[in-house]
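Report on the structure given below.
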Amino acid sequence: MQNVSAAVLNFSQAKKPRGDYLTAPFDPRFPNANQTRNCYQNYLDYHRCTKALAAKGKDTKLCDWYRKVYKSLCPISWVKNWDEQREEGTFPGKI
(Lines of atoms letter the chains of each structure in order from A and count residues from 1; the text may use other names and numbers.)
(Lines give C-alpha, C1' and ligand atoms only; values in the text may rest on other atoms or scores of the structure.)
Protein backbone atom coordinates (compact mmCIF):
# COMPACT_ATOMS: atom_id res chain seq x y z
CA MET A 1 0.00 0.00 0.00
CA GLN A 2 2.84 2.37 0.77
CA ASN A 3 4.36 1.85 -2.70
CA VAL A 4 1.06 2.81 -4.33
CA SER A 5 0.89 5.99 -2.26
CA ALA A 6 4.44 6.89 -3.23
CA ALA A 7 3.68 6.27 -6.90
CA VAL A 8 0.57 8.45 -6.77
CA LEU A 9 2.52 11.19 -5.01
CA ASN A 10 5.31 11.08 -7.62
CA PHE A 11 2.79 11.12 -10.46
CA SER A 12 0.91 14.09 -9.04
CA GLN A 13 4.14 16.03 -8.56
CA ALA A 14 5.26 15.48 -12.14
CA LYS A 15 4.15 18.46 -14.19
CA LYS A 16 4.22 18.79 -17.93
CA PRO A 17 6.04 21.76 -19.43
CA ARG A 18 3.77 24.70 -20.14
CA GLY A 19 2.07 24.36 -23.53
CA ASP A 20 2.76 20.62 -23.74
CA TYR A 21 -0.74 19.13 -23.66
CA LEU A 22 -2.78 16.55 -25.47
CA THR A 23 -5.91 18.63 -25.82
CA ALA A 24 -6.77 22.29 -25.70
CA PRO A 25 -7.00 24.03 -22.33
CA PHE A 26 -10.32 25.41 -21.10
CA ASP A 27 -11.39 28.58 -22.87
CA PRO A 28 -14.06 30.59 -21.01
CA ARG A 29 -15.31 32.02 -24.32
CA PHE A 30 -16.56 28.52 -25.18
CA PRO A 31 -17.94 26.96 -21.97
CA ASN A 32 -20.22 24.37 -23.60
CA ALA A 33 -19.28 20.81 -24.48
CA ASN A 34 -19.63 21.49 -28.23
CA GLN A 35 -16.22 22.82 -29.27
CA THR A 36 -16.98 23.48 -32.95
CA ARG A 37 -16.84 27.26 -32.58
CA ASN A 38 -13.67 27.01 -30.49
CA CYS A 39 -12.04 24.94 -33.24
CA TYR A 40 -13.03 27.43 -35.96
CA GLN A 41 -12.04 30.49 -33.93
CA ASN A 42 -8.57 29.13 -33.16
CA TYR A 43 -8.09 28.24 -36.85
CA LEU A 44 -8.95 31.83 -37.77
CA ASP A 45 -6.79 33.26 -34.97
CA TYR A 46 -3.78 31.22 -36.11
CA HIS A 47 -4.01 32.42 -39.70
CA ARG A 48 -4.74 36.02 -38.68
CA CYS A 49 -1.75 35.94 -36.35
CA THR A 50 0.64 34.53 -38.96
CA LYS A 51 -0.61 36.99 -41.57
CA ALA A 52 -0.20 39.99 -39.25
CA LEU A 53 3.26 39.01 -37.98
CA ALA A 54 4.53 38.07 -41.45
CA ALA A 55 3.40 41.45 -42.77
CA LYS A 56 5.48 43.12 -40.05
CA GLY A 57 8.45 40.88 -40.79
CA LYS A 58 8.30 39.26 -37.34
CA ASP A 59 8.70 35.62 -36.35
CA THR A 60 5.39 33.75 -36.63
CA LYS A 61 6.43 31.20 -34.00
CA LEU A 62 4.33 33.15 -31.50
CA CYS A 63 1.24 31.92 -33.35
CA ASP A 64 2.01 28.24 -32.75
CA TRP A 65 -0.21 28.16 -29.65
CA TYR A 66 -3.30 28.71 -31.82
CA ARG A 67 -2.13 26.00 -34.22
CA LYS A 68 -1.71 23.49 -31.38
CA VAL A 69 -5.19 24.27 -30.10
CA TYR A 70 -6.98 23.99 -33.44
CA LYS A 71 -5.02 20.84 -34.33
CA SER A 72 -6.21 19.22 -31.10
CA LEU A 73 -9.85 20.33 -31.50
CA CYS A 74 -10.61 20.27 -35.22
CA PRO A 75 -11.27 17.17 -37.31
CA ILE A 76 -8.54 16.72 -39.92
CA SER A 77 -11.08 16.75 -42.76
CA TRP A 78 -12.28 20.22 -41.74
CA VAL A 79 -8.76 21.60 -41.65
CA LYS A 80 -7.95 20.12 -45.07
CA ASN A 81 -11.17 21.60 -46.47
CA TRP A 82 -10.47 25.02 -44.98
CA ASP A 83 -6.86 24.96 -46.24
CA GLU A 84 -8.08 24.15 -49.75
CA GLN A 85 -10.66 26.94 -49.56
CA ARG A 86 -7.99 29.42 -48.43
CA GLU A 87 -5.76 28.44 -51.35
CA GLU A 88 -8.64 28.83 -53.81
CA GLY A 89 -9.74 32.13 -52.28
CA THR A 90 -13.19 30.79 -51.32
CA PHE A 91 -12.72 30.52 -47.55
CA PRO A 92 -15.74 32.14 -45.86
CA GLY A 93 -13.87 33.36 -42.77
CA LYS A 94 -12.28 36.79 -42.49
CA ILE A 95 -8.53 36.31 -42.15
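Residue 1 is the first one shown; counting continues down the chain.
Even glycines carry a Cβ here, placed using N, Cα and C.
Keep in mind that TrEMBL annotations are predicted by a computer and have not been checked by a curator.
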According to TrEMBL, the disulfide involving C63 connects it to which residue among C39, C49?
C49
Cα separation, C63 (disulfide bond) to C39 (disulfide bond) (Å, whole number):
15
Set of same-chain residues at least 6 away whose C-beta sits under 8 angstroms from C74 (disulfide bond):
C39, Y40, N42, Y43
Same chain, 6+ residues apart, C-beta under 8 Å of the C-beta of C49 (disulfide bond), given in sequence order:
T60, L62, C63, Y66
